[in-house]
Each structure stands twice: as C-alpha cells, then as structure tokens.
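Comments concern the structure below.
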C-alpha cells in the first residue's frame, strides 16, 4: 500500500490518469496494454527476502533481456531529422546574414520541437492549453540542449554546431557582431 509505483499502477488500472481526466475513449484492454508497455520497475528486495526476490526475478535461458526499455526505443524512433540553416558560405559574412540564417534555423527548429512533442506518448492526451504551456516553457531549453548535444557529438564541444551548414568556431564567433 505504501509503494508509490503500486499505487500508481492501481490508479491507472482503475482508469485514472496523471492529468486528472478519465480514459473515456479507451477501453480497459488498451489501458492495460499501455501499462504493460511502460512497466514500472518493482522495488528491489532486502537480502532476507531473497527467496521472494528469486521468485519475482526468474529468467528462462531462451528469454531475451531488453537492452533498451520501450520508452527509450520510442524516443529513438521519433528523433527529429537533421535541420539545415540554409546558410550560404559563398557570400561574404555580415552580421545581418548570419542573424537571418540563425532566425530561419530557429524557426525550423521550433516547428520541429512542436512536431516532436506531438509524437511524445501522452502529449496529445493533455488539454490543448497544457500542451501550449509546456511548449512555451520548454522550447528554449530544448533548443539549447540540442545545440549543446550536437556540438558535443559532432565537434567534441570545440565549436557551436547550429546545423551541418552553420558551425561557428571561437574565432568566427569573435569576429561576428554577436560577441561584443
């Protein structure tokens, strides 16, 4: 009764959701399948409960162990495509051309964030006002995290990797009007 995971599972089995709305559109079978797909891990037992623990954790030799939980697999499958800035390296660089390219890139990335969030499990079940609020409060963090991740992944954090066609090193950044 005191285990939060067990209480959550029982509430979900009864048709309750975190947002406070009941599953009106879903039948009980769909709800149970969704709960099975995103299983809550059981608490680990103490050493004196080893017999009960071995009864809960038994694997047959031919049973495969999942390396990635279903939620991680889902997130990997909805990973957004690579977005290009449309920056023309052949033209002389001016602060307005760089700023224009960054604005166009931010617009494309924002659309990508909205599309990505709509494909997240449970996001569309939220009220539309809640969806808008979540995107309003998180878009900048998601975009900055994406910039940091791309910079780390592609150029080992030595440059700012905005897009494959717009990578700024420290010297180029100092030469731009953004640095001062």
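Please read every residue number as a count from 1 along the shown chain.
Glycine residues also receive a Cβ, built from the backbone N, Cα and C atoms like all the rest.
Predicted, not measured: the structure shown is a model, and the values here were computed from it.
Taken through DSSP, the zinc finger (1-11) splits into 8 helix, 0 strand, 3 coil. Annotation comment: Swiss-Prot describes 1-11 as zinc finger, evidence class sequence analysis.
Annotation comment: Swiss-Prot describes 1-16 as DNA-binding region, evidence class sequence analysis.
The phosphoserine annotation in Swiss-Prot covers 60 and is backed by similarity to another entry.
Annotated domain 'NR LBD' per Swiss-Prot: 63-180, in sequence order.
Taken from Swiss-Prot, the feature region 'AF2' covers 71-180. For the region 'AF2' (71-180), the model gives a mean pLDDT of 89.
Same-chain residues at least 6 positions away in sequence with a Cβ under 8 Å from that of residue 150 (progesterone binding site) are, in sequence order, 161, 162. The progesterone binding site annotation in Swiss-Prot covers 150.
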